[in-house]
Each structure stands twice: as C-alpha cells, then as structure tokens.
Amino acid sequence: MARGLISLGARRDVCGSLGWPIHISLKYEKLGCMRVLLEESVGLCLDGPADDTNNWLHRQLQAKDPKYSGIPLHWVKTAEAVRYLTERRSEVEARSHTGDTPLHVMVKRSRISCAVALLAAGAEANAAGHHGDTPLHIAMRLDNLPLIKALIVFGAEMDKPNEIGETPGLLAARCSTGFEDFIAISAVVGSLSKGFDTVDGAPKPRGARVLCLDGGGIRGLVLIQLLLAVEKAAGCPARKLFDWIAGTSTGAILALGIAHGKTLVYLRALYFRMKDLVFQGSRPYDSVPLERFLREEFGENTRMTDIQTPRVILTGVLADRHPAELHLFRNYNPPNTGHEPHYCPRTPFKPVTQPSDQLVWMAARSSGAAPTYFRQMGRFLDGGLLANNPTLDALTEIHEVNQALKAEGQMDMAVHPAIVLSLGTGKPPQEKVHSVDVYRPTGPIDVVQTVFGARELGRMLVDCCTESEARMVDRARAWCEMISVDYHRLSPQLMSDVMLDEVQDTMLIDMLWDTEIYIHKQKNNIKRLAESLLRYSPP
C-alpha cells in the first residue's frame, strides 16, 4: 500500500499531528512501511556524507516529531527497527526537546530488547537527559532489574549524580529491589567505577605472553567481558598485551578481531548484532549469513599472513579422514618438526592451504563449523571437537616453533612462554543425571528408560568432546607449573546453562551479569595478571 501511494506521488515529508509518516510506521510497528519510506527514493545513497541535507535518507532519519522533537529512533518498539535504523547511521545520541536520547526513552518504556540493541550500537550508557538523569537513574526508579543489569554491563555508573545530586546508587537504596540483588549491583559497580590500581613500571624480562580463548558460541561474550576487565586493569588494549593468541570456534573469531585491531567494545556490539543475523530459524542454520558476516568484518581477500602481530593460532578439525585430525590455522609458516605423520593414509589427501593463501574469513568459518549448528566448511569441522580449550595445543605449537628455530641455528629468535591466560566461556551449573544406561528393552518401561538413557548418553558424549574445564584446566596448569610458566585461568560460574545459539537478550545479560560478579571476586587476581602482562611487554 505504502509503495503504491508513493508511486502515485504521495509525499513522505509531510508532518502530521503525530509526526512524519516514518514516525507513524514505527508507532504502529509497521516495519515494512518504514523500509519503503526509507528505500523508495531516487538517488538513495548510503555512502554519501551523513550531514548532506539533500540526502533523502538523512532527512528521514533526522525527521523530528512536533510534540517531543524526537527522531524515528526515539519511536522504535522492536530491536529489529533499532538495528535497521542504526545500520543506516541514525544518530543514537539524538536529543528530544527534554534532552533525552533514544536510550532514555527505551528505558522509560521498559523496552529491554530495544535498549540492548541501542547499547550494542554504541549508545552512551551514562548520557545525561531530562533533569540530568542517566538511563540508570530511570531504571532504578522503575525497579527494573533486567534493565539495571543491562545498563551496568554496558558501563553505566552508579555514582553519577543528576541535577539535584541523586545518584543511581542512592535511588537503588530506596527502591524495592531485593537485598541480595542490590548488594551484587553495588559490588559490581564499585569494582567497575573505581577500576584497578595503576601498575608501576618494572624491568622487562624476555618471555611470550599467550592468550587462549575457548569455544562456546554466543558465550564468546563472556570472553569479551573478561578481556575488558584485563584491559582496564592494564590500561592497555588487549592487542598489545599478548604475543600469541589461540582461539577455537567463537574464540577464533574473537582472536582474529583482536588481531585486526578491533576494540573489545566494538566486538561486544558485534556479537549482539551477529546473533540475530546468524541464528535465524532452526538448526542447522543457514551458513550464508555467517559467511557474509565474516567477509564483511575481515575482508573478502584478507589472508592470514596479512596479520603481522600478534601470532594467531586457530583450531579446526580435518573431517575428510578417519581418524579425524586437528589442524591449526596460522598467520605464519608452520614449523618443520621433522615428525612422522600421525597416521599412514591409504590414499593421499589434498594438501592443506598454506597461511599465505589462507583467507581469514574462511579460517574463522572453518574453526566455527559446529556440527548440527552449521554445515561443515569444505573438509573442516569446528575445532571444539578436538580442542575446545586450545591451551595445550598453543603451548605445543610454541614449543615446536622454538624447536624448529633451534634446528635451524636460530635459537636466539626463540621466545619461550612466560605467562598464559586461558579464558573460558563460563561453567554451567552441574545437574543430576538419572541414567545413561542403553540396553535391549524387554518391556514398555524399559523402552522409556532406554530412550532417556540414550538421550543423556548423547549429551555426555558431546560434553566429553567439547570439554574445556575441569581436568583440561588441571592439565594445562600442571604443564605450565612444570615448565615455570605463570598460568591464569578465568571462567565464571554461570547460574544457568546458556546454549551456544542463545538469542534472548535477558539470558545474555544475565550471563554477563554473572561474569561481572565473577570479575569483582577475581579483582585482585586480575590486577596481578595485568602486572605480569605489562612486565613482559616489549620495551
């Protein structure tokens, strides 16, 4: 209907009592009409200057309603609309006549999915609006715990006063939020707002700093939140804190993002955007959106060797053979170990692509080709099947690189690990399993028990394949202690089991909230870790 009216000459820039047509389409959640209003114009160009008044898109995105002087982003009711508008460079910090940003409005309306989408798009969590209130002031008055958590996770401050001197912390003390929740909020925000002590300068001993990132799908957000805390403690970007970065699956994507110089704040927003683009429909998901996403982020033709520093290791599984083998994607030439092949093939296999020819986006896609979630990438499956925690594989690789240098008479170029930081995507609560017994049933009751047993056995096999905690951590710690390497493991205990493809904002915010509470408890350990990382940084 809207497209037909426009084709007949209907104007899109007429302001009625409620606003422009685009305001009305958002008020009544007519997203199709919104798209038509933004796209059906001659000479529409997203690449033009954002302040070009002749740009029809810019005029629509900045159109102000007559009552509140709000732009369309103030009127959104769905996260989809937020993403659509912000992707077209709608101004997330635009002000209404009261001084409120779109985030203020979403919090007032208790639209958590819209608020999270705005935060992910870069909205300032501490923006002062009407009477100097921040979004957190409003959330505290509403006693809306999910919104409070979301704002704090994205950096909202508890001690920021409004025009009359009220802080969110003071409002929290007056509201009816449960005592335990309030204590948790105060503790977490205290640790975030005060930060960590400055690390003093120290002599720079020689040694490699190794970062290892577990797999875990959307739980990669936990990795980002942990790294943000380490960055804050060190006062230095993560890219400059490590000489080697190893990652599996979601950890591989994060490793490449860090190596490409992307900030952790950007990567966190990236994950929130990615989940809704990639996890659409039912499993197994269409791989095309994921591949398109990786191409856009890492480049169509970027190769692994285009990344100079730090050294990057990504895990994948060669699934075109039995037994399957672990493969490492590198941004450097693999070491010549001189070892015999692990297996004797009956027929020759096609050689793997060399790092100088390996496309970055394809390496990321191969490492994250989780069975039943996405189709395999050529001959590769998810590296988490054999190395969901890549710590031991990274240490083995560094040792083999050093041994190869020694064999070539270049021992002076070898740098042994000095410190290893292993980050997990969170530990789910442990549950009781009644039976994993699978046997030939002799009656109806046995059939039911066998079905349940088979299901639990299947879960157990998946857990065993993708184990990254418990004894896996013990082995890595023991190895590091034996070779006098400083080992640190950070992985929060989660209050619920978050699936790899979780898309619900409330679940993800609760997961990050658990992570922030864990970070507060580990504050002193993180401070010591930061001191060690800076001690071994290059001069």
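Each Cβ is built from the backbone N, Cα and C atoms, and glycine gets one as well.
Predicted automatically and left uncurated, TrEMBL annotations should be read as such.
Features reported for this protein in TrEMBL:
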- 98-130: repeat 'ANK' (REPEAT)
- 131-163: repeat 'ANK' (REPEAT)
- 215-220: motif 'GXGXXG' (MOTIF)
- 247-251: motif 'GXSXG' (MOTIF)
- S249: active site, nucleophile (ACT_SITE)
- D382: active site, proton acceptor (ACT_SITE)
> Which residues, given as numbers and ranges, are at least 6 beyond the ends of the repeat 'ANK' (98-130) yet have a Cβ under 8 Å from it?
Replying inline: 68, 70-71, 73-74, 76-79, 81-83, 86, 92, 136, 138-139, 142, 144, 146-147, 150-151, 154-157, 160, 162, 268-269, 272-273, 505-506, 509
>> If we skip the immediate neighbours and take only residues 6+ beyond the ends of the motif 'GXGXXG' (215-220), which ones have a Cβ under 8 Å from one of its Cβ atoms?
In response: 247-254, 271, 275, 279, 368, 370, 373, 382-384, 388, 424-426, 466, 468, 498-503, 508, 511
> Which chain-mates of the residue listed as 'active site, proton acceptor' that are at least 6 residues away have a CB under 8 A from its CB, listed by sequence?
Replying inline: G215, T248, S249, G316, V317, S367, G368, A369, A370, P371
> Tell me, how many other CB atoms lie within 10 A of the CB of S249 (active site, nucleophile), whichever protein chain they belong to?
Replying inline: 33
> Under DSSP, is D382 (active site, proton acceptor) helix, strand or coil?
Replying inline: strand
> What is the average pLDDT across the motif 'GXSXG' (247-251)?
Replying inline: 95
> With DSSP helix as H/G/I and strand as E/B, how many residues of the motif 'GXSXG' (247-251) fall in helix, strand and coil?
Replying inline: 2 helix, 2 strand, 1 coil
>> For the repeat 'ANK' (98-130), how many residues does DSSP put in helix, in strand and in coil?
In response: 17 helix, 0 strand, 16 coil
> With DSSP, how much of the repeat 'ANK' (131-163) is helix, how much strand and how much coil, in residues?
Replying inline: 19 helix, 0 strand, 14 coil
